[in-house]
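To start, the structure under review is shown below, and the notes come after it.
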Amino acid sequence: MKYNIVFKFNVEGIVDKPDVIGAIFGQTENLFGDDFDLRELQDKGRLGRISVDLSTSKGRSEGTIIIPSNLDKVETALVAAMIENVDKVGPYNAEFKLIDIVDIREEKIKKIIGRAKEILGSWSREKTLDIREVINEITSSVKTGELTEYGPERLPAGPDVDKDPELIIVEGRADVINLLRYGYKNVIAVEGATGKIPQTLVDLTKQKKAVIAFLDGDHGGDLILKELLSSNIKLDYVARAPTGKEVEELTGKEIAKSLSNMVTIAQYIKKQQEAQQAIKQALATETTTTAVTTTSTQIQVEVKPEEKKEIQITVPAQIIEEIKKLPGTLEGILLDENWNIIEKIQVRDIVQKLENISADSIRYIVFDGVITQRLVDLASAKNIKMLIGARIGGINRRPKELELLSFNDIIS
């Protein structure tokens, strides 16, 4: 069957289900010839069994009727109109009213879409081989884990942080949610630690065979790693997101690749020292060259501080309430000039949305994610006035006409 035709009916008297069904057959018989007679259509399998749900009260009868249809849309609509034309059940006046025509195939479509998502999830998850087998267990399942809170500090974590011999440390709640989406359940967040790593996390790492710090590929990730290295936490490996990217926005393939490219702490520190030494040598060479070419003439230039345009935008109370609901959802809200909600959208779709809109059509964006340089540049090009995100990443170019705020600026 393709459709369910749903009616409501009222009868000005007490009747039974067979009376209702008989009235439908009797008053529609031969209206459009034998080929479109309801009994004939049932015999041919074009219509299903008529289902009647009936109740009586105060001398009246009312209820609903469902008729399955395997006809096309035009024929199904014609059947519906025929039944609405029924005005008697037995000796009593009656009214039949169409409520809905339900497409039964929608349920099948939903099941197909659900299965397609499962297939895509297992396909997207890249399986990697690693001789250290540090990520062997966390790549064995594609089922999204349940977000939990760990310890008295209520650190966002996956369900396997206690029982798995390996542990992945990330920065924030959104990072944990993204890794859970791709099946990594032994993950825990430091929640933007500022100067002190939670003692719960310190104690947890000492119980683990291997501990991996998996951090953003920006300056914020550098700061978190510096805090981890300066604490007494047990840390064995470092993995970084691609340069300029956040862990929370990585795909399953990018996550697997980043983890497979992790290095030991000793290797990481050595690379950092080599990079710093190269910078020092470059600066020393530049200083020497400058000293040789500089003349005795000195020019003094008065440098005036850059004038910064002040932007004062008041966030309405109803939008602040919406912001309070966003943490952990990975969702965003697009708003117009008057702070009216235009659309609610997944964070991962915001950049693509902005690329396809005209300038001035969106004026404010609130979202549960990191404000990146790419998003700032795109928002500026579209004349957006304000970005409000869960966190502000490393921004090198900040347009004067665009205001950037974090959730903490709004709801702290």
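Glycine is no exception: its Cβ is also placed from the backbone N, Cα and C atoms.
Features as listed in Swiss-Prot:
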DOMAIN    165-243  domain 'Toprim'
BINDING   Glu171, Asp216  Mg(2+) 1 binding site
BINDING   Asp216, Asp218  Mg(2+) 2 binding site
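In three-state terms derived from DSSP, Asp218 (Mg(2+) 2 binding site) belongs to neither a helical nor a strand segment and is classed as coil. Cβ neighbours within 10 Å of Glu171 (Mg(2+) 1 binding site), excluding its own Cβ and spanning all shown chains: 26. Summarised by DSSP class, the composition of the domain 'Toprim' (165-243) is 28 helix, 18 strand, 33 coil.
Mean model confidence of the domain 'Toprim' (165-243) amounts to 87 (pLDDT, 0 to 100 scale).
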